[in-house]
Each structure stands twice: as structure tokens, then as C-alpha cells.
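Below is one structure; the comments refer to it alone.
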Amino acid sequence: MRLSFFTALSAVASLGYALPGKLQSRDVSTSELDQFEFWVQYAAASYYEADYTAQVGDKLSCSKGNCPEVEATGATVSYDFSDSTITDTAGYIAVDHTNSAVVLAFRGSYSVRNWVADATFVHTNPGLCDGCLAELGFWSSWKLVRDDIIKELKEVVAQNPNYELVVVGHSLGAAVATLAATDLRGKGYPSAKLYAYASPRVGNAALAKYITAQGNNFRFTHTNDPVPKLPLLSMGYVHVSPEYWITSPNNATVSTSDIKVIDGDVSFDGNTGTGLPLLTDFEAHIWYFVQVDAGKGPGLPFKRV
């Protein structure tokens with residue numbers, strides 16, 4: 001199905017779903033919060049050209065000061081990728097000896113507002129599971145860099161056999177990270193952890209249920225961020241569960257009580273229930289514990305529609 005965002009937007013208001021998500025009555029723990037705040041800094045680092053075009057052995061750094069904990073680990077780049085495909089997928093593989101982790105990070109888009117304004121959403125069969133359909137652009141972004149990344153991961157993991165694999169991303173990078181983690185779990189990395197901040201929906205209900213069943217998924221939304229509301233439910237797209245919904249305002253420190261844990265692939269208790277996606281709500285999109293995209297260069301000018 002191929003529909004533009006604005007053509008389909010009005011359809012969502014009339015939707016009804018029989019299987020709403022369940023809002024858990026617990027706060028996250030302090031140790032969980034520490035993990036959430038830490039891994040997003042790897043996503044933040046992926047926006048810096050110096051990191052996604054780094055030389056092997058270079059330390060990750062964030063000149064805008066939004067990844068201090070990552071800098072403190074001394075994590076080094078073992079592989080990076082950028083501008084190598086028509087999808088402009090960018091990111092890096094880093095080794096964090098302090099936390100015994102191999103990190104695969106995907107950069108978000110430099111022009112996400114234009115992506116929202118102009119987006120068309122087409123399903124494709126990724127071959128991950130029976131009945132599973134993924135969004136074509138997100139799947140293509142992963143598929144075009146997959147072989148090289150898997151080759152590099154094999155070498156890095158062989159050198160660090162007891163390290164965990166962590167896949168991270170923000171915004172469109174989170175969508176690619178979600179599909180990458182899903183695919184990698186079936187290719188020798190079954191325990192790969194996913195930290196997806198502000199991810200759009202990546203596929204249909206069958207794919208969402210498949211990814212959810214794999215486990216080790218941490219998907220974050222923030223107040224009324226419009227990007228996780230896309231592609232629309234009316235277009236056949238469903239989220240991975242659970243959702244960690246951050247309710248604190250922009251530019252504010254997040255406490256354990258500010259994060260609500262919501263189970264279910266279709267839920268109106270969290271971000272989805274805050275209304276239709278609006279282009280005026282983008283401040284919520286860039287603040288996930290830190291200003292995640294502070295390191296990005298100039299993107300395309302915002303297109304008024």
C-alpha cells in the first residue's frame with residue numbers, strides 16, 4: 001500500500017482497536033534508568049560526523065557535551081559507515097571495554113521533518129517470519145549495509161567473545177536499529193539488545209509480535225513526539241512492545257516516576273494517545289534524556305506543506 005502521510009492522516013481518527021495496551025503500575029528502577037540514560041548517548045554520538053566517519057581505533061566523542069558517559073568509557077570505533085548507499089545509512093560499530101559491550105549505532109535522519117511531510121509508506125516482505133511485512137525504506141536502509149556490518153561484527157565479536165551486542169538508534173536510526181537487531185538475532189546474535197529512541201513503527205502486526213517475542217527490546221517515546229505515531233495505524237503499521245513512555249517535559253531531567261511502561265502492540269495509554277502527529281511537536285522528538293541530535297550538521301530546509 002502506498003499512501004502519503006497527509007492523505008492518510010484523517011483516517012486514523014475513526015479507528016478502533018480491540019486489543020489496547022496495558023499500562024503497568026510500576027516505575028522503572030534506578031538501575032534501569034541509568035541504563036536508559038547511558039545507551040542513548042551512543043545514539044547521540046552517531047550524529048557527529050567525527051564519529052560516523054572515524055578511523056579505526058578513534059575514541060567516540062561529542063563536542064556538544066551530550067555523551068559524557070560514553071566518552072568516559074573510552075569506547076573506540078572499529079567500523080563506520082556513511083554515504084555508501086542510496087539510503088544514506090550512517091553509523092558505527094564501537095567497542096566499550098568498560099561495559100563489555102559491542103555497540104552498533106545508527107544515525108537518525110538530518111531532515112526528519114521533511115521525511116514526515118513527504119513520506120510515503122510501502123510494505124515489503126523482509127523474509128524474517130511468516131506474514132511479516134516491514135516498511136520498505138527502513139528495511140532497505142538496513143539491507144544495503146547488512147553484509148558489511150555482519151562481516152565486521154563477526155570479527156569484533158570474535159575478538160571480544162564475552163561482550164554483549166547492543167544495537168541503538170534515535171528517530172529514523174531507531175527504525176533501522178530495530179530491524180537490524182531483529183535480523184541479527186536470527187544470524188548468530190540471539191541475545192542482542194535493542195535501545196530504540198523515538199522510533200517510527202517499522203512493520204505490520206505480525207512483525208511487531210515477532211520482534212516482541214524475541215525480547216531484549218527497549219523502545220522509548222516522549223510525551224507527544226510525532227515520529228513514533230508514524231506510519232499510521234490506519235496504514236497497517238504496529239509498534240514493538242513494550243513502550244517506555246517518558247512523560248517529563250523537554251529539557252528536563254528524567255526521574256524513575258517519569259517513565260511509564262506500557263505493554264501491547266496497540267496502545268493509547270502512551271505516546272499514541274496524545275493525539276494526531278503534528279509537525280509542531282518536534283521539540284519532544286529531540287529530547288530523550290539528552291538533546292540526542294545536537295551533533296548533527298545542517299540538513300535540508302524544512303518544507304512547508
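Any Cβ shown, glycine's included, is placed from N, Cα and C.
Quantities reported herein were computed from a predicted structural model and do not represent experimental measurements.
Swiss-Prot annotations:
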SIGNAL    1-18  signal peptide
DISULFID  CYS62-CYS67  disulfide bond
DISULFID  CYS129-CYS132  disulfide bond
ACT_SITE  SER171  active site, nucleophile
ACT_SITE  ASP225  active site, charge relay system
CARBOHYD  ASN251  N-linked glycosylation site
BINDING   ASP263, ASP265  Zn(2+) binding site
ACT_SITE  HIS285  active site, charge relay system
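Feature map: annotations from Swiss-Prot on the structure.
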residue : record                           : DSSP class
CYS62   : disulfide bond                   : coil
CYS67   : disulfide bond                   : coil
CYS129  : disulfide bond                   : coil
SER171  : active site, nucleophile         : coil
ASP225  : active site, charge relay system : coil
ASN251  : N-linked glycosylation site      : coil
ASP263  : Zn(2+) binding site              : strand
HIS285  : active site, charge relay system : helix
Could you tell me which of these disulfide-bonded residues, CYS62, CYS67, CYS129, CYS132, has the fewest other Cβ atoms within 10 Å of its Cβ?
CYS129
Would you kindly give the Cα-Cα distance separating ASP225 (active site, charge relay system) and ASP263 (Zn(2+) binding site), rounded to the nearest Å?
19
May I ask for the distance between CYS129 (disulfide bond) and ASP265 (Zn(2+) binding site), taken between their Cα atoms and rounded to an integer number of Å?
17
Rounded to the nearest Å - Cα separation of ASN251 (N-linked glycosylation site) and HIS285 (active site, charge relay system):
11
Which of the recorded positions listed here (CYS67, CYS132, HIS285) have a Cα atom within 10 Å of the Cα of ASP225 (active site, charge relay system)?
HIS285
Among the recorded positions listed here (CYS62, CYS67, SER171, ASP265), which has the Cα closest to the Cα of HIS285 (active site, charge relay system)?
SER171
Between SER171 (active site, nucleophile) and CYS67 (disulfide bond), the C-alpha gap once rounded to whole angstrom:
17
If we count other C-beta atoms within 10 Å, could you say which of the recorded positions ASP225, ASP263, ASP265 has the fewest?
ASP263
